[in-house]
Amino acid sequence: MATEAKEKSPHLKRFHYTQDIAVDKPFNWQQTVRLLKYLKPYSKKILPIAIIAMLVSTIVRLVVPILVGRVAIDMAIDTGNTNLLIQLVIGIAIMYLFSYIGNMVRIKYVNLLGQNVIYDLRRHLFSHVQHLSNRFFDKKSAGSIIVRIMNDINSLQELFTNGIINLLMDIVMLISIIVILFVLSPPLAAAVVIVIPIMFYISTKLRKRIRRSWQQVRIQQSRLNSHLNESIQGIRITQSFAQEQENTEFFEGVNSDNFDRWQTATRKSAMFRPFVEMSNAFGTAVLLGFGAFLISQDALTVGTFFTFALFIGMFWEPISRLGQMYNQLLMAMSASERIFEFLDEEPNVKEKEDAVHLNDIEGHIEFDHVQFAYDDERIALDDISLEMKPGQSVALVGHTGSGKTTIANLISRFYDPTSGAVKIDGIDLRDVKLDDLRQKISVVLQDTFIFSGTIMENIRFGRPDASDEEVIDAAKVVGADEFIQRLADGYETEVEERGNILSAGERQLLSFARALLADPKIIILDEATASIDTETEVKIQSALKRLLEGRTSIIIAHRLSTIRDSDNIIVLENGQILEQGNHDELMAHGGEYYGLVKSQFQALDQM
Ligand SMILES: Nc1ncnc2c1ncn2[C@@H]1O[C@H](COP(=O)(O)OP(=O)(O)OP(=O)(O)O)[C@@H](O)[C@H]1O
């Protein structure tokens with residue numbers, strides 16, 4: 001559930017963080033069954049071993065009090081049978097050894113089980129999210145996706161590691177103790193057992209309050225994280241606008257809120273232990289009072305009384321743990337609901353079952369009366385029909401928001417048209433295999449994404465099986481080799497995440513090399529040369545020519561000098577084609593393009 005926390009300082013309106021954290025949900029059978037399905041691969045080996053180990057140690061814990069009370073006290077000590085006593089001590093020691101081994105095996109196997117399930121769940125979720133369409137990522141922030149893959153899955157870890165086996169153990173233990181107590185002395189058992197529901201109720205309520213207060217701590221910490229993340233990412237802008245003081249003030253507010261909530265949570269948590277001890281004392285008081293009475297009436301032996309006393313000590317632990325387990329389950333409900341919400345998300349762009357392979361293509365692109373809208377409110381492309389011939393370079397120009405990037409998005413099939421069709425070599429994109437299609441297209445964006453790793457690996461991203469020589473050749477062709485050689489470790493230089501150590505232009509050259517290496521039939525340059533200064537651009541013009549040679553290229557550029565030589569220039573406005581032709585034709589036509597060119601030259605003249 002996303003909750004918007006109230007700002008402590010009303011003047012700090014700038015800071016708005018929605019908390020995307022799990023808050024407990026009611027118990028849901030369907031979801032539980034779906035979660036338990038993740039245990040299935042382990043139901044043949046790991047799970048049974050964990051259960052058997054758990055049963056061994058539980059049986060020992062249940063048998064020892066009976067042996068001590070009924071056999072040692074009532075039979076051996078009472079009758080002075082030392083032999084029996086010695087045998088008993090040895091027997092109990094051996095049983096404890098078994099219990100010790102059982103516990104070790106249980107802990108090892110429940111951890112193995114938990115880790116395996118979490119591993120599977122995380123892998124499943126990540127691979128599913130990787131295949132979701134752009135529409136999904138338009139709506140979800142990177143942060144909220146990461147929270148689900150990491151935090152929500154982590155919060156299920158405890159359930160799968162200890163939760164399920166402990167639940168079984170506690171249920172077995174509690175039921176067995178109750179049965180044994182009733183067999184040993186029904187009246188005393190009735191007196192002691194009557195308090196269970198009350199204690200269970202109070203324990204669950206208390207735990208709920210404790211859990212809620214820890215949730216508050218987590219909400220506050222999530223705000224702290226969001227603020228911290230934004231402050232560090234945006235530190236340059238913060239410093240240049242001298243907003244440090246405001247940032248610090250807000251941080252202090254959230255930090256002190258965090259402190260207060262933490263204190264409340266620890267205060268409430270501290271109440272729990274005394275409660276368990278009080279319950280213990282209460283049970284013992286009932287046992288002592290009523291038990292002594294029964295002994296005086298000869299209705300109970302001292303040994304049975306002792307067995308009772310030992311069992312009462314073991315009684316509250318499973319009850320309080322079951323309360324905790326119940327709370328854990330409610331938390332798991334919320335986390336799993338959020339995980340399943342992502343898992344149930346279907347990609348909007350889906351590959352058909354009978355999709356055909358795109359083998360060697362010519363690179364002929366056609367838009368046939370394409371209509372497209374990102375949402376219900378606005379149409380992004382309105383009845384677009386156009387043709388890009390194999391090997392042609394086509395430029396898309398037009399004002400901001402006119403639909404240029406949208407056309408590129410549809411060619412890569414990041415979205416499907418609302419009506420009409422986009423075709424490659426005459427085949428509707430919806431009928432071809434997605435991987436094949438995307439392998440035939442390279443997209444170079446203005447904001448190139450550089451992954452952490454070496455320069456060599458970053459270029460090789462274009463074609464993972466390329467040799468070092470091929471990578472270097474590609475870099476040379478686009479003119480990136482020169483700056484790479486100047487770096488401390490050349491091609492082996494490590495670039496941190498997002499390539500901060502490189503200039504925007506250098507990052508751009510890397511992305512050219514990456515695209516060239518991929519050797520696509522179609523190449524899309526979306527504002528790709530915007531970060532390169534005019535002088536460098538002139539230098540790499542020939543490289544660009546090499547990059548585009550023999551490929552159908554779609555170039556989106558605001559700087560019109562870049563697209564002057566394009567075979568066809570398409571001018572867009574509000575998602576429609578206004579005019580098209582080559583530079584000379586459009587200039588002669590004296591329409592929108594002519595106007596755009598003139599205004600850019602005027603702007604240059606005035607500089
Ligand atoms: N992911 C999206 N979700 C909703 N609307 C979008 C999305 N992307 C673009 N739009 C809208 O679609 C319209 C066309 O956008 P598009 O990005 O194609 O324009 P553009 O011509 O490439 O602009 P620019 O020159 O600024 O890059 C705009 O009105 C824009 O607000």
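Quick reminder: no glycine exception, Cβ is built from N, Cα and C everywhere.
Remember, TrEMBL labels are computer predictions, not curated facts.
Worth saying up front: this structure is predicted, and the values here are computed from it rather than measured.
Among the features that TrEMBL reports, domain 'ABC transmembrane type-1' is placed at 49-331. TrEMBL lists 365-599 with the feature domain 'ABC transporter'. Here TrEMBL flags 46-64, 84-102, 159-182, 188-204, 275-293, 299-316 as transmembrane segment.
Against the transmembrane segment (84-102), stretch 46-64 has more CB pairs under 8 A than any other of 46-64, 159-182, 188-204, 275-293. Within the chain carrying the transmembrane segment (46-64), a Cβ under 8 angstroms from the stretch's Cβ atoms is held by residues 39, 92, 95-96, 98-106, 109-110, 112-113, 116, 165, 168-169, 172-173, 176-177, 180, 310, 314, all 6 or more beyond its ends. Averaged across the domain 'ABC transporter' (365-599), the predicted model reaches a pLDDT of 87.
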